[in-house]
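Features as listed in TrEMBL:
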type   : residues : note
REPEAT : 24-85    : repeat 'RCC1'
REPEAT : 86-138   : repeat 'RCC1'
REPEAT : 139-198  : repeat 'RCC1'
DOMAIN : 154-406  : domain 'RCC1-like'
REPEAT : 199-250  : repeat 'RCC1'
REPEAT : 251-309  : repeat 'RCC1'
REPEAT : 310-350  : repeat 'RCC1'
REPEAT : 351-405  : repeat 'RCC1'
Amino acid sequence: MLASRRVLRVLLPRAFSTAAKARSNVIVWGNGSVGQLGVGPFEVSGITRKYEELGPKVLDSFLEQNINVTKLALGQDHSAAVDENGRVYMWGRGEKGQLGLGESKLQADAPTLLETLQDVKIVDISCGVTHTAAVDSEGRVFTWGFGGSAMSDNALGLGPSSGKNQMAPALVETFIEDGCPIASIDCGDAHTVALSVDGEVWSWGRGDNGRLGNGELISLEYPEPMEFFDKVNIVQIAAGRSFTLALRDDGRVFGWGKNNHFQLGSEGGGMVVDMNTMESFPVEITGFYDERIVKIAAGKEHGAAISAAGRLFIWGSNLWVQPREITALKHKKIVDVACGDRSTLVVAEDGTAFTFGKRGMGSSNYLGHYDTQPQAQPKQLDALSQAFVMAGACGSQHMAVLARAQSLAADSDFSFRE
């Protein structure tokens with residue numbers, strides 16, 4: 001449901017404490033028909049029975065409870081946040097258990113504290129299509145969500161598909177047994193990858209299309225290390241729908257899995273799209289003009305990378321076979337990027353944010369510009385002109401940013417002004 005008033009920009013009130021000024025605010029937009037925006041109770045409308053916010057909207061629940069969010073993760077229809085104390089909040093669709101809130105809470109329209117993880121401090125979290133994974137400060141991994149079926153494998157790493165969903169967070173014992181603390185984690189649509197504190201990559205879940213990177217097409221019920229990276233140090237991982245990216249400590253980028261939309265930065269089967277093209281072992285992605293890459297991101301069918309100089313490169317989605325620099329942003333130093341379903345969210349060092357992308361025919365573009373039009377080139381989010389954006393996240397049809405005031409001379413809380 002589109003609000004009756006048109007929000008033109010997010011403005012900043014003034015009379016707040018210094019402590020509040022440093023607090024980040026969660027701002028969302030996009031399709032919220034199953035609660036994935038976290039705005040609270042809503043009414044669907046129109047023939048398609050949708051609720052949507054076409055422009056940025058602050059999540060009041062975090063403001064009202066004085067919660068300082070430090071990390072966001074968006075999945076297909078659900079979302080997650082971690083606060084400065086390591087507590088987790090979930091919202092959106094949860095009938096497969098992806099919210100981790102138990103059998104009695106299959107949808108949450110507002111951020112809801114995940115009480116079962118209150119005794120641990122979560123440092124990383126990721127949302128897939130129907131599962132969620134998190135890492136605590138001791139390097140332990142917890143997963144919850146779709147438990148698989150006779151026809152579909154699970155990505156939880158807890159054992160064979162049982163036909164029963166994991167409705168609350170469960171500890172992945174493999175890493176405890178192997179004495180391998182994990183630093184970060186990322187979820188694809190049906191697979192999961194983890195990065196150890198020693199730079200080792202682990203993968204599990206569905207193995208078709210080579211998405212696990214072990215040279216095979218079989219699924220893994222438990223996490224297994226990727227031998228390909230045994231003698232190198234990986235510093236970041238990013239899981240797309242059916243592919244995965246990894247960043248080495250020397251700035252080189254590798255990818256594996258499905259390549260039907262050039263999401264691995266190469267032609268694969270040729271310029272004619274081959275739906276079966278894939279790489280079951282990691283292959284290096286080149287074309288960064290000798291730039292050292294420091295950050296990567298993966299979406300449904302495309303990838304992104306940021307160089308040390310702040311240059312942004314994009315590839316995939318049947319648009320660019322190899323990484324292509326987004327020259328429209330050369331005047332900015334890019335520090336963060338997130339990829340969704342043929343959409344990209346970019347954050348610059350000066351706190352400005354840009355979105356661009358194009359969805360398929362008949363689908364809406366939720367890019368935060370108060371319309372549903374595609375954007376071939378990055379367009380600044382003018383509604384956030386009074387905010388300093390620090391980081392962003394993309395789901396399938398929704399986006400979110402963490403933002404504060406442009407300077408500590410103004411407050412970091414935000415309110416809407418017509």
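Indices start at 1 and increase along the chain as displayed.
Placement of Cβ uses the backbone N, Cα and C atoms for every residue, glycine included.
With a threshold of 8 Å between CB atoms, the same-chain residues lying at least 6 positions outside the repeat 'RCC1' (310-350) that come near it are 74, 240, 261-267, 271, 273, 285-289, 291, 293, 295, 297-304, 356-360, 365-367, 377-378, 389-397, 399, 401. The recorded stretches the repeat 'RCC1' (351-405) and the repeat 'RCC1' (199-250) do not share 3+ CB pairs below 8 A when only pairs 6 or more apart in sequence are counted, and are therefore not in contact. Residue counts of the repeat 'RCC1' (251-309) by helix, strand and coil are 0 helix, 26 strand, 33 coil (DSSP-based). Helix, strand and coil content of the repeat 'RCC1' (310-350), in residues and according to DSSP, is 3 helix, 23 strand, 15 coil.
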